[in-house]
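Record features, source TrEMBL:
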type     : residues : note
ACT_SITE : GLU114   : active site, proton donor
ACT_SITE : ASP255   : active site
ACT_SITE : GLU348   : active site, proton donor
ACT_SITE : GLU369   : active site
BINDING  : THR472   : Ca(2+) binding site
COMPBIAS : 544-553  : compositional bias 'Basic and acidic residues'
REGION   : 544-588  : region 'Disordered'
Amino acid sequence: MVKLTFLISISVLTCNLILSVRVYKRADILKLREEVREMFQHAYDSYLRYAYPYDELRPLSCDGVDTWGSYSLTLIDALDTLAIMGNYSEFNRVVDIVLQKRHFDADINVSVFETNIRIVGGLLSAHLLSHKTGMKLEPGWPCNGPLLRLAEDVAQRLIAAFDTTTGMPYGTINLRSGVPPGETSITCTAGVGTFIIEFGTLSRLTGDPLYEEVAYNALKALYHHRSPIGLLGNHIDVMTGRWTAQDAGIGGGIDSYYEYLVKGAILLEKPELMSMFLEARQSIEKYLKKDDWFVWATMLRGHVTLPVFQSLESYWPGLLSLIGESDAAMRIIHNYHSVWRQYGFTPEVYNLGTGEASSSRESYPLRPELIESIMYLYRDTRDPILLQMGEDILRSIQHSARTPCGYATIKDVRDHRKEDRMESFFLAETTKYLYLLFDPDNFIHNPGVRGTVIDTPNGECVVDLGGYIFNTEAHPIDPNMLYCCHEARQGINISEVYSIYQILEEEDNIKFMTMIEANTNETKITQSNNNNNESAIENKTIDHTEPKERSDENEPEQNQVLIKTESRTGYVNLDGTERENANESNLSDLVKETINKYYNDTINAETQENVKHSAEEPTAGSSQTVEVDDIIVPEKSEVQLPSVTKTKEVMNMLPKVIQDFLNSDWKSKPKCEPQKMLERIRREQKYPDHPDVYKYELLLTPAPSFLQRISLAGEFLNKKQLEL
Ligand code: DMJ
């Protein structure tokens, strides 16, 4: 049980702190900001010098090591911090490096959770920030772009983890082959419920509903499996739905599930997620909260099992500030800060009964959670004590964690011994939140007073108005960007459309492109939105001129289908309606016919070449024509292929979506078929919608002031309020 005397002494300490608060002038704050910038730079430069391309820097050995996935994790995780600190040239340079990787195909097993929050989150955030850094943007951005495609490539590799009986994901996946054989079906709660920000963003930008629905389904599954008193356990079997660890708390193993309910509600305008959080919060307050601390208890009865504070729990006050409860949050953060002051760091586990660091969990791996909450609360309250708390954190890290080649994990907060590890979140989160605390003018803090107008295929769109939602790895997402991709909402994947143009423009395919052009009689791809406004991508540039008149009313329809069938995973729109597929054969016929012509020309050309060089070599016969299906379905053996190598070469140059579309047997089928999984989730409807889905009427507008308001005051408008 928590000792009351200990808690009282904490309160006294809190009062003392309040009395001795330092006065910060603007110049003082900016000086601290510059110190944080130098801190980041030292760690970042060291990573590049000693560790890249490994995942992490080892700050004592001054070398690198692969930890989470052999995918240069720290580089990707640190990317958007560069942009936030204004180092645009380095951001652009690193983006170029990252983009040398076209996909994440590798025979390695990775954590689904960590890969999502660090890699998918990092790539998405960098994609959305790239307009600020002077990067050359592809037509269709933000609904298109190489970083977005890379993020989607990773998400596609993770999606097979969700192919379970409950819809909750496995914890580990092989990036190449899916769920590893014999993989445990036990996943922690956070590992199930921490996808809606990244996957929702992906769906809203690309138009593929798969990601958001799968992530939302997993959240509903957790909610459905809550205990009768509204608590969640720590680990669950994703095949049976049985809780295998029944301790309920707000920290490690569960934490970001709660975080994503709140942030997912705000980012994606899903008030039912907020209702799910508020219900859970009541249970947390009732069973887990003890005098502004949180303990662990049995999920079935709420009996206290572990009276401890975990460093990871320090995100909670920040989360409360997002729902407009900064007063409660301030009381909690004073408690957490008192632990920091006791040791100069927060240990992984702190025993509330004894008032000491737990002897087996006494490290501080440079975690961000406390500074994260301090940053949020300072934005809301401007209480200078929060600046002082931030400075305490900065001082401790500088004093005890700095090494000649980076910053080291503190192995034991009691004696500040160091350990040879610098997790990537030090550059993604800890330094970022510290910097943002001390940078009052940062664009991230924009309270909706400035914006940037960008051109999209659908017209102008105002972004960068603030209200950024940070994923749990501190990668910010601009909510307004999600409303720029109107065509994505109609199931059109701009990224894929652009890919096709890009492929067609490659030297070897000029002929192919010309033929497509000849077939379509015009070079542009158009689509209509619901209001019959039209936009066009023409020769890779966005055309905002008046729509051109068409002689044939049906023709645009054909072109529209050309775009709609690009979706990688399906035939359903974001709103769940079926996609039109009546004219799909038109595209099929068109592409097949074009490839036929291309190959027949190639064959003829090759035949003539062959005749010239070797009379013995078998020729395809100048009169023989070859059907596309013959080329890509080798089983039809009566047809002699002109050049298998050449065929494969060119086929590989086509976007995956066209390859799949032309012939799904071209490659062996993946074990998990995402579209089928999505259809199954929709058909089964295992988990009913939260009743509050229908209770609220959100302002369906990208209005930034609204986003600002809900993020600061934490409120949604319900129907009754609107009526009044
Ligand atoms: C980060 O990877 C994320 O913040 C995650 O949610 C929790 N753990 C680390 C930081 O402590």
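Heads up, the Cβ atoms here are built off N, Cα and C, so glycines get one too.
All TrEMBL annotations are machine predictions without curation.
Shown on the structure are the features that TrEMBL records.
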{"residue": "GLU114", "record": "active site, proton donor", "DSSP class": "helix"}
{"residue": "ASP255", "record": "active site", "DSSP class": "helix"}
{"residue": "GLU348", "record": "active site, proton donor", "DSSP class": "coil"}
{"residue": "GLU369", "record": "active site", "DSSP class": "helix"}
{"residue": "THR472", "record": "Ca(2+) binding site", "DSSP class": "coil"}
Let's check the environment of GLU114 (active site, proton donor): how many other CB atoms sit within 10 Å of its CB?
19
From the Cα of THR472 (Ca(2+) binding site) across to the Cα of ASP255 (active site), what is the distance in angstrom?
10
Just to verify: the residue among ASP255, GLU348, GLU369 with the fewest other Cβ atoms within 10 Å, which of the active-site residues is it?
GLU348
So if I take the recorded positions (GLU114, GLU348, THR472) and measure from each Cβ to the nearest atom of ligand 1, which come out below 6 Å?
THR472
Chain-internal residues near THR472 (Ca(2+) binding site), provided their CB is under 8 angstroms and they sit 6+ positions away
ILE117, GLY121, THR194, ILE197, ASP255, SER256, GLU259, TYR260, TYR315
